[in-house]
């Protein structure tokens with residue numbers, strides 16, 4: 001994760017660094033291309049020769065002669081980066097992601113060139129204000145600068161370059177919004193990178209107890225409330241779903257709670273994230289190929305806790321509570337079996353038809369308990385819940401389902417702003433019928449069809465009339481659509497920035513408890 005220090009400079013005077021970046025739009029008509037005359041002349045020559053067009057991701061690397069004017073701001077190198085034509089983007093979210101991808105591309109070039117001190121001339125666009133451009137660019141740089149090398153030897157090639165140390169945004173004019181945008185982008189990106197760190201940890205390290213320890217550390221650093229419910233608490237409260245999934249494990253379960261509850265809060269949002277630290281499928285065992293990636297089954301839990309990192313720093317007017325039911329799902333002599341019946345926190349009974357449909361079982365208890373305990377204005381849950389959502393939406397969209405149109409729209413808007421697109425799927429009585437059980441109130445799978453929707457239908461039994469949206473990130477938590485700021489192999493940190501965007505833009509009274 002990047003440890004770079006960020007700063008905004010009015011101009012390039014006195015700056016020195018390994019790389020200076022100018023972003024160039026792919027426009028049909030051109031005035032001045034970049035702000036420095038000699039660099040502008042060189043770029044124009046490249047345009048005229050057809051060597052550079054400004055299309056997205058295209059690069060032109062210049063090496064200034066330090067005895068001439070081309071020695072811009074003491075830069076060892078100058079990178080001219082094409083960002084495409086922002087006028088081609090149909091939605092504001094598309095322009096935001098264009099500059100986020102530009103930031104990711106810059107980070108990639110910095111890795112190739114082993115850059116430690118980076119200077120970026122803040123690009124101008126009529127579609128975003130300078131603060132928004134700074135936010136997206138910095139977000140992309142931070143996210144693109146991510147690497148996880150904790151378990152590599154010090155002499156390994158992966159440790160030859162450990163990322164950026166200093167980043168200067170050169171704004172060209174005094175604008176407090178630029179510094180604010182830079183801070184917003186940095187905070188959201190660092191929170192997402194922390195979620196990537198959690199997911200990258202092996203399951204023998206990142207256990208339910210590790211979730212609890214992270215929450216306690218974050219709470220202490222930022223004066224948040226923290227509660228850890230132990231196995232004995234769950235037994236007393238009747239959280240049969242979490243306890244059943246944990247039966248085959250040697251690690252005790254935890255219900256991890258982080259609270260940001262300012263005295264002047266108008267409303268409280270509840271975030272719930274699936275925290276299955278390793279999912280073997282239990283008795284309904286998963287196939288061996290690719291099972292090592294099931295350490296990523298806790299990405300929903302990572303997202304809600306790491307979103308709280310940004311919340312703690314920004315201190316919004318709305319209260320936020322994050323809950324992670326944490327356990328692994330293993331087979332063993334005591335493991336829950338297909339055909340078993342359990343009783344959830346709210347008293348509903350469930351027949352376990354498939355032990356690999358465990359995520360909904362632990363989320364059910366967390367949702368019901370969280371609503372009962374905090375009386376939130378609305379609930380959002382995140383989970384790597386079903387393979388069915390991958391079959392339906394691939395790795396491009398996360399699926400959402402819920403009982404409240406206004407909340408769903410707010411979440412869709414937040415996802416668009418964050419570059420994490422969402423696609424709403426239906427819910428209704430026809431899908432609820434698929435999970436009816438002959439021996440219990442409900443069963444934990446609903447057959448081969450509409451698997452993502454029937455999983456949400458299971459969860460709907462535990463939210464009552466509270467406005468609620470479920471976000472299935474099974475297709476996007478890793479192997480997400482390739483972007484310059486998303487690792488090609490490994491966890492994406494999806495969901496964190498969507499939640500942060502939702503909270504930043506929250507308007508009290510928007511969501512009412514009606515459908």
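Cβ atoms are placed via backbone N, Cα and C, with glycine included.
Here's what Swiss-Prot has on this protein:
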- 274, 279, 297, 358: Mn(2+) 2 binding site (BINDING)
- 279, 356, 358: Mn(2+) 1 binding site (BINDING)
- 286: active site (ACT_SITE)
- 360: active site (ACT_SITE)
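The structure, with features from Swiss-Prot marked on it.
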residue : record                : contacts (Cβ under 8 Å, 6+ apart)
274     : Mn(2+) 2 binding site : 297, 298, 299, 300, 301, 324, 325, 359, 362, 363, 381, 382, 383, 384, 385
279     : Mn(2+) 2 binding site : 286, 294, 297, 328, 329, 356, 358, 359
360     : active site           : 383, 385, 444, 455, 458, 459
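Counted over every protein chain shown, other Cβ atoms within 10 Å are most numerous around 358 among the recorded positions 286, 297, 356, 358. In the three-state DSSP scheme, residue 297 (Mn(2+) 2 binding site) is classed as helix. Each of 245, 276, 294, 298, 329, 359, 362, 383, 384, 385 belongs to the same chain as 274, 279, 297, 358, is absent from that list, and has a C-beta within 8 angstroms of the C-beta centroid marking the Mn(2+) 2 site. The Mn(2+) 1 site, placed at the center of the C-beta atoms of 279, 356, 358, has further neighbours from the same chain whose C-beta lies within 8 angstroms: 245, 276, 280, 281, 282, 284, 286, 297, 329, 355, 357, 359. Under DSSP, residue 286 (active site) is assigned to coil, being neither helix nor strand in the three-state scheme.
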